[in-house]
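Have a look at the structure below, then the notes.
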Amino acid sequence: MYPVDLHMHTVASTHAYSTLSDYIAQAKQKGIKLFAITDHGPDMEDAPHHWHFINMRIWPRVVDGVGILRGIEANIKNVDGEIDCSGKMFDSLDLIIAGFHEPVFAPHDKATNTQAMIATIASGNVHIISHPGNPKYEIDVKAVAEAAAKHQVALEINNSSFLHSRKGSEDNCREVAAAVRDAGGWVALGSDSHTAFTMGEFEECLKILDAVDFPPERILNVSPRRLLNFLESRGMAPIAEFADL
């Protein structure tokens, strides 16, 4: 098991079922050292208000030896790469994930989807693109992977895509992983947990990576320090409380 999980939702996204405390308890039980809460951006119908993200600044950094990153899974809004995260929200957040969600950006043709995703990557506002292998959104995988490598943005392999949602993602995700490998980019693994019980579960992701001989040194979840080094290289100030993770 990798000790870092970068994608999960709490009861603040009302189609999810666990609290921050639930995730901390599961992290201790499963040996997770660092995790990110990434509730849906406010343009989703059941997402928290933008004040929720601003007020994450009051969260403790470490509880019982487990580090907590303040994050968001923002929505890609248009072909210009705008996301529903702005202003003071950025000041409170450590990790910005962004992806396509049908209520905010309906599936378009391959060229339009690709344009929107690459514009988001190039914006400088995002660290990870969530579930880029979603079969509802055809993209130019090679072009996206090359843009992500250029701009130091990770592409996610999402465990939930193979179990609960986005059915038919396997072939696309293998293509994504191979393209990231060839471009020299990063992948991020996400459980996309909507209940704490699936936190840290990456078994299906690892099958995808194994199938393309993906280099472990380009997986962000291998250690807290690797992930933190990545975020710091993107401009995040070092977080003193995480020094011993």
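Any Cβ shown, glycine's included, is placed from N, Cα and C.
Now, the feature entries from Swiss-Prot:
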type	residues	note
BINDING	H7, H9, E73, D192	Zn(2+) 1 binding site
BINDING	H15, H40, H194	Zn(2+) 2 binding site
BINDING	E73, H101, H131	Zn(2+) 3 binding site
Per-residue Cβ crowding (10 Å cut-off), top of binding-site residues H7, H9, H15, H101:
H7
Rounded to a whole number, how many Å is the Cα of H131 (Zn(2+) 3 binding site) away from the Cα of E73 (Zn(2+) 1 binding site)?
11
Could you tell me which of these binding-site residues, H40, H131, H194, has the fewest other Cβ atoms within 10 Å of its Cβ?
H194
How many whole Å apart are the CA atoms of H9 (Zn(2+) 1 binding site) and H15 (Zn(2+) 2 binding site)?
9
If you tally other C-beta atoms within 10 angstroms for each of the binding-site residues E73, D192, the top scorer is E73
Helix, strand or coil for H194 (Zn(2+) 2 binding site)? Use DSSP.
coil
